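Features of the protein shown, as given by Swiss-Prot:
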{"type": "BINDING", "residues": "SER11, GLY12, ASN13, ILE14, SER160, ALA161, GLY162, PRO163, GLY164, THR165, ARG166, ALA167, ASN168, ASN290", "note": "NAD(+) binding site"}
{"type": "ACT_SITE", "residues": "CYS129", "note": "active site, acyl-thioester intermediate"}
Amino acid sequence: MSTTKVAVIGSGNIGTDLVIKLEQVAKNVEIAVLVGIDPASDGLARARRLGISTVDTGVQGLIEHPEFDDIEIIFDSTSAKAHLTNAEALRPYGKHLIDLTPAAIGPYVVPAVNLDQHLGAPDVNMVTCGGQATIPIVAAISKVTDVHYAEIVASIASKSAGPGTRANIDEFTETTAKAIEEVGGAAHGKAIIVLNPADPPLIMRDTVLALVSNPDQDAIRQSITDMVATVAAYVPGYRLKQDVQFTELGGADTVATLTGGADIGSPVWKVSVFLEVEGAAHYLPAYAGNLDIMTSAALQVAEKLAERTALEIAR
């Protein structure tokens, strides 16, 4: 099968990590152009050393690039605000956009949960790094029982957070919380991000707390174990940090402020899941699991899109 050409907009940490993945591990897609706005950026310099065409004049420079017509998929790893502008500029050209910012113009996609549901959408959103790590766990619990409330805490090394991530903290929490509900299946969702300043940096760690009623503990454990294996198939450094924990909290009134006062039955239990994500160190060191899970998930979507396009052509 011939490969599908792609472009990456954004030459920061996420964009550069994605470019290296496209060079080293992609099967059905190939990088044609890396787009940035700073001619001196490390990402553009690395791409040039790899023999990849670069543009330092933003999305307009991409549109004017001689290979633009051959490009079918465009990753945007800039910022939520920039993606709004980029998507508008690219809309007339019918390209598939994979949005790695919290802009969320299009539907949320978490490959382990709903990869096949939105492949026809012109612009799909990869939620956030914290969402990619934790929403599969919320969805795994939701398969077994109703999740009345889910809260996630994503702790990432400060050194792995570039200016785009730092500019999008509010969007991170809002987008992740919505996706916990829409993709994860929780009735109510909340997200918190922590930029850990520890030096040497620690790998990404994520906590998922879910409120459920009368849980089948063995079934929930098995569902979570199965989901971790599904995610680890494309993010090898993704794993449970310790055993899933169950804590009885009492009556529904004890958590009414979190569940909107809904009648959720008693007793209410808290399910606690602790994860860590070790990066593949394609660009930043292994502590940057937040980059790895985001770019690996986006690559999964691109590979699936390329497969679907090839099948359509073959018919």
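Glycine is treated like the rest: Cβ placed from N, Cα and C.
Taking the features listed in Swiss-Prot, we show where each one sits on the structure.
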residue : record                                   : contacts (Cβ under 8 Å, 6+ apart)
SER11   : NAD(+) binding site                      : LEU34, VAL35, GLY36, ASP38, SER41, ASP42, GLY43, LEU44, ALA47, THR54
ASN13   : NAD(+) binding site                      : SER160, ALA161, GLY162, GLY164, THR165, TYR283, LEU284, ALA288, LEU291
CYS129  : active site, acyl-thioester intermediate : ALA154, ILE156, MET204, ASN290, LEU291, ILE293, MET294
ARG166  : NAD(+) binding site                      : LEU195
ASN168  : NAD(+) binding site                      : SER79, ALA80, THR101, PRO102
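Residues SER11, GLY12, ASN13, ILE14, SER160, ALA161, GLY162, PRO163, GLY164, THR165, ARG166, ALA167, ASN168, ASN290 are recorded as binding NAD(+); their most distant pair of Cα atoms lies 16 Å apart. DSSP classifies GLY162 (NAD(+) binding site) as coil under the three-state reduction. Using a 10 Å Cβ-Cβ cutoff, GLY162 (NAD(+) binding site) registers 19 neighbours.
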